[in-house]
Amino acid sequence: MVIMIFILLFLLSTLIIGMIGITVKRNQYIVESRLEKIFNDTSEDHHKLKDQKGEGKKKGSILKSTFQTFSKAFQGKSQAEKWEQALESAGIPLKAEEFVAIRLLAVIFSIMAALTLDFNLFITALLPIAGWMGPVFYLNSKRKKRIQACSDQLPQALGTIGTAMKSGFSFMQAMQMVAKEVADPLGPEFEKTIREINLGISMEQAFHNLLERLPNNDLKLVVTAVLIQRSTGGNLAKLFETIEDTINDRVRMKDELKALTSQGKMSAIIISLLPVALGVLLNVISPTYFSPMLQHPLGLVLLGLGAVSGFIGWMVIQKIVRIEV
């Protein structure tokens, strides 16, 4: 029975991996077709690309509908859109349905590992949960780091733009300098914004898309100031210098608060993880150690109360050490 389950899980994971690979190839084909259509705008090529694109849609329609149905079944339409935005903010080139497929693969591999290594019931139940939530934690961590990197790079970018505009460059030329000189995430995101403006999108919409990709308060302040200056006029270089000084002061204050609250944050992490780590260690050393507690109703109630109280304590500590600047 275990062998049959293992084989079915292996076949299912192989199928999902193959579907992801086909989707990536199809997306690359569509992008190449669009680029070829832009640079070779002849009537013959136009009809040829149109036919090829139609064939590509027919080949990928079943796959796309399968992924979308899979995604909507587990996430819902609005939730899928949120995943799309979160993936874009984190700089991960995946779609929502592909991200859901990866989470399912992680669950399948964790179940296969639990069955292969013959873990007890506690770890067997814990591994699929970790496999399902692990990609989400990774996504949130990478998104948070990318947005924080944007805050760190923004003063340098504003200084570069202000200096370039004082030297006689236009605002768009100064943004191109930032796109070339500043590393990810701010440089590539500025490059995307410039490309959108060059393709005919209004500056307001392009900057709105930038804020959706990088939802950062300091960047929102810069975008708001630029859009207001376009309506009212004024010295944009001087404005950037003022915003740069303001952001530098905020960054310095945030660093001081981070140093003062780091002890409380570390205490919250240790207090939250210590019972779980101790329970896993005892379970590995003596697999039957928790059997009386897991089999008795009172033991299950105590475990539930302990989990709830630990979560409440973690939330209280996070509320205390979280200070908005």
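Glycine is no exception: its Cβ is also placed from the backbone N, Cα and C atoms.
What TrEMBL annotates here:
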- 158-280: domain 'Type II secretion system protein GspF' (DOMAIN)
- 6-24: transmembrane segment (TRANSMEM)
- 99-115: transmembrane segment (TRANSMEM)
- 121-139: transmembrane segment (TRANSMEM)
- 268-286: transmembrane segment (TRANSMEM)
- 298-317: transmembrane segment (TRANSMEM)
Surrounding residues of the transmembrane segment (268-286) on its own chain - C-beta under 8 Å, 6+ positions past either end: 120, 122-123, 306, 310, 313-314, 317-318, 321
Secondary structure tally of the domain 'Type II secretion system protein GspF' (158-280) (DSSP, helix then strand then coil): 105 helix, 0 strand, 18 coil
Averaged pLDDT, computed only over the residues in the domain 'Type II secretion system protein GspF' (158-280): 90
